[in-house]
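Database features (TrEMBL):
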- LYS12, LEU13, SER14, GLY15, GLY55, ARG59, THR162, TYR168, ASP171: ATP binding site (BINDING)
- GLY54, ASP74, THR135, GLY136, ASN137, PRO138, TYR139, PHE140, THR141, THR142: UMP binding site (BINDING)
- 8-216: domain 'Aspartate/glutamate/uridylate kinase' (DOMAIN)
- 20-25: region 'Involved in allosteric activation by GTP' (REGION)
Amino acid sequence: MPLPKFRKILLKLSGEALMGDQGFGIEPRMIQYVADEIRSITDLGIQVAVVVGGGNIFRGIAASSFNMDRTSADHMGMLATVINSLALQDALEKKGVQTRVQSAISMHELAEPYILRRAIRHLEKGRVVIFAAGTGNPYFTTDTAAVLRAQEIHAEILLKATKVNGLYTSDPQLDKKAEFIKNISYMKVLEKQLKVMDMTAISLAMDNKLPLIIFDMNQAGSMKNIVCGEEVGSRIS
Ligand code: UDP
């Protein structure tokens with residue numbers, strides 16, 4: 001078995017990662033695939049926390065354009081992340097991985113409330129902790145929630161799963177001259193306004209020197225390769 005380089009990681013999964021080619025919602029094949037990828041790293045004895053987005057179901061900022069109050073819309077967005085978290089929990093448990101969902105918005109019947117010390121204890125026991133409902137506050141994103149939770153649990157690294165294999169100087173689908181960026185500083189990401197994560201998330205990671213790796217979730221085995229020390233994707237540090 002390869003020796004892992006990290007002891008504790010946080011995985012940020014966007015809602016779109018669960019959507020597959022459907023354009024909306026959760027594709028059963030995708031959630032199984034994601035659960036398999038996560039299991040491949042819990043099998044190495046790594047502590048894994050996950051923050052799941054909700055963009056495959058509802059994004060607050062989109063709803064505010066049809067005259068809905070942003071706070072209400074963001075509450076709906078956070079509920080979308082709970083739906084995704086419960087789906088991921090079910091898929092992981094069917095594969096024999098123990099999990100707990102902790103929600104930043106209380107809903108005791110279906111998820112634990114977010115309690116840091118309890119989350120840490122679950123991780124120590126080998127349970128995957130899925131953080132649902134983002135930060136619990138409107139006007140934030142699950143990227144920021146991911147950076148926040150990674151710092152609270154003292155994760156050594158945040159892995160941000162995307163649909164491309166990392167960062168580019170411009171959109172590689174539109175610009176043939178786009179160059180792949182293997183390593184970049186937080187400040188450069190902010191200066192160049194690279195759209196990899198929102199600015200609040202990048203600044204928070206920068207203030208606390210949390211390394212971020214951007215990788216392609218659709219490349220099977222990528223996550224395992226990263227945690228075993230291979231240089232996959234782009235690194236922001
Ligand atoms: N959201 C929020 N506060 C948070 C996290 C999320 O209000 O701390 C809402 C916001 O409306 C957002 C939605 O939840 O659009 C879904 O999250 P996000 O857009 O980050 O999901 P992703 O793009 O990762 O799928």
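Yeah, the Cβs are placed from backbone N, Cα and C, and that goes for glycine too.
Small disclaimer: the values here were computed from a predicted structure and weren't measured.
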Review point. According to DSSP, does LYS12 (ATP binding site) fall in a helix, a strand, or coil?
Key: strand
Exercise for review: Mind running the binding-site residues GLY55, THR135, THR141, ASP171 against ligand 1 and keeping the ones whose CB falls under 6 Å of it?
Suggested key: GLY55, THR135, THR141
Check your understanding: Per the record, ATP is bound by LYS12, LEU13, SER14, GLY15, GLY55, ARG59, THR162, TYR168, ASP171: how many Å separate the farthest pair of Cα atoms?
Key -> 25
Point to revise | Coarse DSSP state, helix versus strand versus coil, of THR162 (ATP binding site) | key: strand
Exercise for review: For the UMP site as recorded (GLY54, ASP74, THR135, GLY136, ASN137, PRO138, TYR139, PHE140, THR141, THR142), determine the largest distance between any two Cα atoms, in Å, rounded to the nearest integer.
Suggested key: 14
Exercise for review: Restricting to the same chain and to sequence separations of six or more, state which residues have a Cβ under 8 Å from that of THR162 (ATP binding site).
Suggested key: SER14, ALA17, VAL196, ILE214, PHE215, ASP216, MET217
**Study point:** Inter-residue C-alpha distance, LYS12 (ATP binding site) and GLY54 (UMP binding site) (nearest angstrom)
**Key:** 11
Exercise for review: Write out the long-range same-chain contacts of THR141 (UMP binding site), meaning residues 6 or more apart in sequence whose Cβ is under 8 Å from its Cβ.
Suggested key: GLY53, GLY134, ASP198, THR200, ALA201
Check your understanding: Of all the binding-site residues given, SER14, THR135, ASN137, which has the fewest Cβ neighbours within 10 Å once its own Cβ is left out?
Key -> ASN137
Review point. Can you count the other CB atoms that lie within 10 A of the CB of ASP171 (ATP binding site)?
Key: 10
Check your understanding: Cα-Cα separation of ASN137 (UMP binding site) and ASP171 (ATP binding site), in Å?
Key -> 31
